[in-house]
Amino acid sequence: MSYNNGGYNNRNGGSYGGGYGGGGSRGGRDGYSGGGRGGGYGGGDRDQGGYRGGRFSGGGRGGGRFNDAPRQELTAPQWDLEQLPKFEKNFYSEHPDVAARSDRDIEQFRKENEMTVKGHDIPHPITTFDEAGFPDYVLQEVKDQGFPKPTPIQCQGWPMALSGRDMIGIAATGSGKTLSYCLPSIVHINAQPQLQYGDGPIVLVLAPTRELAVQIQTECSKFGKSSRIRNTCVYGGAPKGPQIRDLARGVEICIATPGRLIDMLEAGKTNLKRVTYLVLDEADRMLDMGFEPQIRKIVDQIRPDRQTLMWSATWPKEVQQLTRDYLNDPIQVTIGSLELAASHTITQLVEVIDEFSKRDRLVKHLESALNEKDNKILVFASTKRTCDEITTYLRSDGWPALAIHGDKEQNERDWVLDEFRKGKTSIMVATDVAARGIDVKGITHVINYDMPGNIEDYVHRIGRTGRGGASGTAISFFTEGNSKLGGDLCKIMREANQTVPPELQRFDRRSYGSHMRFGQGRGGRGGRGGRGGRGGRGGYGGGGGYRSTGGNSAPLGGNRRF
């Protein structure tokens, strides 16, 4: 959590919060731990068993239960725009160098950066940080980070966001989307009236996973410190108490996963009356994970004349419908093609094998990949159990592997990510859900131990490597059970100028008869594969294998592979 005490200065002068979070908030912590923590925490969101322990909604209060607090089902307010306080949202002033560029120059720049735009009166793209028009206090933070130049999505996204328009940004994961909305949000906040006691946030960022939410918070903290902008991260799987305390003190930015935020709203721990800048990050992922009802419930709580920014890696019809419902006359920028495609800097290798061969092939590829000591390998498995089993197997064989999946506690997930980021462990085994939104620099190899259920997830998975123009390698184990992916996988590989192995090409058939034939083949093999897999687990897992966090606690074998 990030909280800055002391005077808060906005762009128009004046101070806010001198002492507001000082002695009073310290007292709140003392009161909270004295009166509340005796009961302990009993989990996270409503579907995880609720919350036990001290109820906190102000300095020093304790006792009671979070679930004992009155809860009110959220209903959509009836908005009267005439009665709502006015607010500023257009802060863009075109730089003279940008204004001087010809239409031909702009068209050429967009073409070189695979940039397409849609809508009317779209601001011209910028090419340098100085052209973006950020105030000095924001610009200095950017320069201090040592970025050489804006990414393509930032070149077009910053002018769009600063103009106050509703906007859609479509670009691959790792393209710089977070800063595309984070920096304009700082300018937006500093132009708004100061928060008063009991006010909710000014900026709300919705994200699909806690890992992505924490990463966004890190960026907001880094670039908001010069303005003393306070933020909090509200997500499930962690105690509610610290999150409630941050909200009670007042934060300008709230980064949240949908389920936990609804918990807070229904319990009256915060409100969205002050939100004038709404961000939906990885909108496609949120919808894939079934968050659409929660998103709609949350957005209905926000004034309709807000500025809304939607960011997505893909453009499926579900995201388009959400856009039509909640964005007003939006402008859109797309980096790359709207057609699903893999990065051309990634070498894609597909091996058509059976289930029994996966472990041996995995070890062979690890031996090759870890010849370079700085390489990082991300291994994807289809289930939490498989994650732990692979990790246990690798560790028993001396490989420095750690697992991350949804059944692990947040502190263990954070630890695994930190070990992987810092290179203390070179192999991380993950499920799709656990890996969504994770941004780890320097991943050199992605191995699909199990293929994903759809081609979109395949592209997202392998996109963890080959970022920022660097090269990467994606290795996939394709079995008969993955035959429905065959045609789409061949198409993705050909588009990226990859060699499609002949064994995979035989699955590139879309007729009903072909699917029936492959389906019948899968049935017979599936039974034998299941029995063999269970036997393998019994052999190394020790009577039933490892559960939950067991894989990460398995000792490293004597044959150290690093």
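Glycine too: its Cβ is placed from the backbone N, Cα and C atoms.
Per Swiss-Prot, these features apply:
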BINDING   Ala171, Ala172, Thr173, Gly174, Ser175, Gly176, Lys177, Thr178  ATP binding site
DOMAIN    358-508  domain 'Helicase C-terminal'
REGION    1-70  region 'Disordered'
REGION    500-562  region 'Disordered'
MOTIF     127-155  motif 'Q motif'
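Structure with Swiss-Prot features highlighted.
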residue: Ala171; record: ATP binding site; Cβ within 10 Å: 24
residue: Ala172; record: ATP binding site; Cβ within 10 Å: 19
residue: Thr173; record: ATP binding site; Cβ within 10 Å: 18
residue: Gly174; record: ATP binding site; Cβ within 10 Å: 20
residue: Ser175; record: ATP binding site; Cβ within 10 Å: 22
residue: Gly176; record: ATP binding site; Cβ within 10 Å: 18
residue: Lys177; record: ATP binding site; Cβ within 10 Å: 26
residue: Thr178; record: ATP binding site; Cβ within 10 Å: 23
Q: Could you tell me how many residues in the motif 'Q motif' (127-155) are helical, how many are strand and how many are coil under DSSP?
A: 16 helix, 0 strand, 13 coil
Q: Indicate whether Ala172 (ATP binding site) is helix, strand or coil by DSSP.
A: coil
Q) Going by DSSP, is Lys177 (ATP binding site) part of a helix, a strand, or coil? A) helix
Q. For ATP, what surrounds Ala171, Ala172, Thr173, Gly174, Ser175, Gly176, Lys177, Thr178 with a Cβ no more than 8 Å from their Cβ centroid?
A. Thr151, Ile153, Ala313
Q.
Given a Cβ distance threshold of under 8 angstroms, which distant residues of the chain, six or more beyond its ends, lie next to the motif 'Q motif' (127-155)?
A. 11, 91-95, 97-98, 109, 113-115, 162, 169, 171, 175-177, 179-180, 183, 186-187, 190, 222-223, 225-227, 333, 335
